[in-house]
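The structure under discussion appears below in the form of C-alpha cells.
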Amino acid sequence: MIALVSSWKSSLLETLAELCGGGRGRVLTFIASGWLFVFGMRFVFPAVLPYFSVEFGLSNALAGSIITAIWVSYAVAQLPAGLLSDYFNERSVLVTSMVASFASVCLVVAFHSLAVFVAASILFGLGTGLYGPPRVIALSNVFARHDSTAIALTFAAGSVGSAALPFVAGIISPQFGWRAAFSFALPVYVLLAIGLWWAVPHETVDAGVVSADGGTPSDERRGRRAAVAHLVDAVSDRAIVIAWAGIAMSLFIFQAITSFLPTYLVVAKDLPESTAATMLSVFFLSGAICQPVAGALADRYGQGTILASIAGATVLPLLALAFVGGVGPLLLLSTVLGTRLGLGPINNAYIVSALPADVQGAGYGLVRTLHIVVGSTGAVFVGFLADSGFFDEAFIVLAAVSGAAALLYTQLPEQRPSARSAPPATD
C-alpha cells in the first residue's frame, strides 16, 4: 500500500513538473484561458437567442439557422487553421483567432442590422475555428510526455466557460440588453491576444511561397502533388480513421445533448425551464471535473483503454434517460453523462500524436473539419425525431451510437506516452 501511494505521489510530482516547469505553465494558462472564452462565448449565442429573435423578428427556424451557421463556419476554419499552423506557427494563428473574435463581437455590439449580425456571427465562427488546431498542436508539442493531461485541462476550461458564460449572459441580458452579454468579453480578448503572444513559443519560422532551391514550376507542382498524396496517406492510416470515427460519433452525441437536453427535460420530463437549464450546466461542470482526470488516466494507462471505458460507461445512462423521471435521478444522469466530455481531449491528443510531424497541422485541421461537420448532424437528427414524436427513442439511438464508439475504441492501436523530451516554452 505504501509503495502504491509512493508511486502515485511520484507520478503526480512528475506531472506537475511537466505542466509547470520550463515556462510551460504560462503556455497552458493562456491557451486554456483562450479556449474558455472561445468555447464559452459560442454558447452565449443560444443563451441570448430569444432576445435577438424578438429584436430582428426571427422565427425559431431562422434564429436556429444563425447558430448552425456559427458551427459550420467554425468547421470550415479547421483546415485553414491547420495549414496556417504548418506554414507559420501556432502562436500567430492563436492570436489571429483572438483578433477575429474581438472584431466580430465589436460588430455585434456596435451595429443593429440583421445583415451585420449574421455576418458577424459567421466571422465569429471562422475566428474561433482558427483556435482549435493550433491549440492542440502547441500543447502536444510543448507537453510531450503528458499531452493528454494538458489538453484535458484546456478542454476542462472550455467546459467551465460553456457553463459560466451563458449563465453570466442570462444575468446581464435582462438588465442591460443582450449586446451587453457580448461587450464584457471585449477587453478579455485583448488581454488574451497579448498573453498568447507572450506565452506561446515561436516554434516555426514564417514560410515563404517562393521556392528557395531554384526549382522549376513543374518541380513545385510535383512537390505539391506529393505533399497532397502524403497528407491523404496520413489521414487514411487505420489508427486515424478509427480515432476519427470515434470522435465523430462522440461529437454527434455531444451536439444532440447540448442542443436538446433542456428541451427534452421540459417537454418529456415536465421539469421547469430553470431546472432543465441547471441540468445542462451540471453536465458541463461534471465534464470540467472529469476531463483532467481522464487525461491523466490516459497518460498513465493508454488512450484507447480510457476512451473505450468512457464511451462504454455512458451507454446505460443515455438509455436510462428515456425511462426515468424526477429531479434527483435526472440530475444524477446529467452528472454521469458529463463524463463523456473526457473523450474529446484524449481523442484529439491521440490524433495529433499519430499524424506525421510534417503534415500535423494540415492533417489535424482536415480531420477536425470532417468530424465537426459529421458530428454537428446530431442536433438535426434528434430534432427530426423529436418533431416526429420519438424524443425518447432519440436517446436510445444515442446510447447505441455510444456503444458502437466504445467498440471502435477497443480496436484503436495503443500509443504509450511519448519518450520525446518536452522543449522549454521559450523563443
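Positions of Cβ are set from backbone N, Cα and C atoms, glycine also.
Taken verbatim from TrEMBL:
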- 26-417: domain 'Major facilitator superfamily (MFS) profile' (DOMAIN)
- 27-52: transmembrane segment (TRANSMEM)
- 58-77: transmembrane segment (TRANSMEM)
- 98-131: transmembrane segment (TRANSMEM)
- 151-173: transmembrane segment (TRANSMEM)
- 180-200: transmembrane segment (TRANSMEM)
- 241-267: transmembrane segment (TRANSMEM)
- 279-298: transmembrane segment (TRANSMEM)
- 310-333: transmembrane segment (TRANSMEM)
- 370-388: transmembrane segment (TRANSMEM)
- 394-412: transmembrane segment (TRANSMEM)
Of the listed stretches 151-173, 180-200, 394-412, which one has the most C-beta pairs under 8 A with the transmembrane segment (241-267)?
394-412
Tell me if the transmembrane segment (27-52) touches the transmembrane segment (180-200). I count contact as 3 or more CB pairs below 8 A, with pairs 6 or more residues apart.
yes
Could you name the stretch, out of 27-52, 279-298, 370-388, with the greatest number of CB pairs under 8 A to the transmembrane segment (310-333)?
279-298
